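Participant: I am attaching a structure below and will ask some questions about it afterwards.
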Ligand SMILES: Cc1cc2nc3c(=O)[nH]c(=O)nc-3n(C[C@H](O)[C@H](O)[C@H](O)COP(=O)(O)O)c2cc1C
């Protein structure tokens, strides 16, 4: 590097961890593959990772709900506490270049810690505007990669259950302006050791193929 050149800013990644299962979590392991691929893609730029364990995030409370419903009122000390937690979540989201979400499916949808995060960041007048044409997101669009683990199946012929997780998460992220959402899955974690190994291989290969093809496409763009 020429000494007069500034070092490239690292790729800032915010990862949300929604599983209660710690290091045994399949969605966390899948998200590690995504982080690895993003690190390769970032090259000499490097990455700067911020992890949030959503299991430590309390759900929104009455004071928060009141503050959102009465935006013109000056916040009381109580409201400031819950609003500042929401502010902090929004600041962290705004500060990232890429959002990674590691999440299990719970009862066909997102688990409650992820729902709590959604309730903190999808905030009228802050991350979306309510207009005569509907809700309009105010965040700068950026890629979102979601690592989903499911006990049963949600894709292909073996799927025997509804999947509200992916359509719901895409819709709610679109509300705040995030339109580039891509899902990776490890499915059938409850179907025994062999099924899990197969599911991991399919999920991890999918991550590899997706990012490899993206890196190839970028290289061709640069060369052309
Ligand atoms: C409360 C609860 C609800 C669940 N609901 C579903 C479900 O609706 N569909 C499904 O396929 N698996 C369901 N599972 C299984 C988890 O999705 C599965 O264990 C997954 O691997 C958990 O992700 P993790 O390993 O990242 O924690 C549920 C598990 C729990 C604890």
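From the backbone N, Cα and C atoms, a Cβ is placed for every residue, glycine too.
TrEMBL: automatically predicted annotations, no manual curation.
TrEMBL feature annotations, pasted as is:
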- 12-196: domain 'Flavodoxin-like fold' (DOMAIN)
- 19, 25, 26, 27: FMN binding site (BINDING)
Participant: What other residues of this chain sit with their CB within 8 A of the center of the CB atoms of 19, 25, 26, 27, the recorded FMN site?
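Facilitator: My list of surrounding residues reads 21, 24, 28, 29, 30, 31, 102, 103, 104, 147, 149.
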Participant: In sequence order, which same-chain residues at least six apart have a C-beta under 8 angstroms from residue 26 (FMN binding site)?
Facilitator: 19, 104, 149, 186, 189, 196, 199, 200
Participant: Where does the mean pLDDT land for the domain 'Flavodoxin-like fold' (12-196)?
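Facilitator: Here the predicted model's pLDDT, averaged over the domain 'Flavodoxin-like fold' (12-196), is 95.
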Participant: Quick one: of 25, 27, which of the binding-site residues has the smallest count of other CB atoms within 10 A?
Facilitator: 25
Participant: So, in DSSP terms, is residue 26 (FMN binding site) helix, strand, or coil?
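Facilitator: In the DSSP reduction, residue 26 (FMN binding site) maps to helix.
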